[in-house]
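Asks: Structure incoming, see below.
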Amino acid sequence: MASSNNLLQGLLTRSERSSLREEYRERAPYTRKRGGGSVVTPVAPLSQQAGYFCRVCDCVVKDSANYLDHINGKKHQRALGMSMRVERSSLEQVQERFEVLKKRKTPGTFSEQDLDERIRKQQEEEEEHKRQRREKKKEKKKGKVIEEEPEMDPEVAELMGFGGFGSSKKS
């Protein structure tokens, strides 16, 4: 079975194949560095130094934890144009906000009676569930007791040696 590479070699000339290779290398620059190493020096541009590079602040951070701290930090946030200051509200603004929230709240959605009723229903459901579990356990226990009692003829049991375990009383 011929591979696709062999098919291409049969259809393309040597110069066409080499130009395709060059185009691929230009589009995928990482392939040129494959298998090789590079020395990272402090004199190199910041974007080529070891670590995480922040394009917004033009700085290098050495590890991921510090990078996260940097992204959430004051310097980075200011570079993005965000201020970390919170506007101070007056008493009137707070009262207006409460009024707006009260109006938005639909009346009758919640009351203490509703809560008490829901708690009572939940407790009743739990009690019912416990009662059902106890009944199932009793039924299962009765089934085991019935299964454990062998229905064997007493004479056969005596012949087999099962006649008198732990009892001095003869029947």
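Each Cβ is built from the backbone N, Cα and C atoms, and glycine gets one as well.
Note that the structure is predicted; figures quoted are calculated from it, not measured.
Below are the features I grabbed from TrEMBL:
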REGION    18-37  region 'Disordered'
COMPBIAS  18-29  compositional bias 'Basic and acidic residues'
DOMAIN    49-83  domain 'U1-type'
REGION    103-171  region 'Disordered'
COMPBIAS  131-143  compositional bias 'Basic residues'
COMPBIAS  161-171  compositional bias 'Gly residues'
Asks: Grab the pLDDT values for the domain 'U1-type' (49-83) and give me their mean, rounded.
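Replies: Residues in the domain 'U1-type' (49-83) carry a mean pLDDT of 85 in this prediction.
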Asks: Tally the residues of the compositional bias 'Basic residues' (131-143) by DSSP class, grouping H, G and I as helix, E and B as strand, and everything else as coil.
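Replies: So the compositional bias 'Basic residues' (131-143) is made up of 13 helix, 0 strand, 0 coil.
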Asks: Can you tell me how the residues of the domain 'U1-type' (49-83) break down into helix, strand and coil by DSSP?
Replies: 14 helix, 6 strand, 15 coil
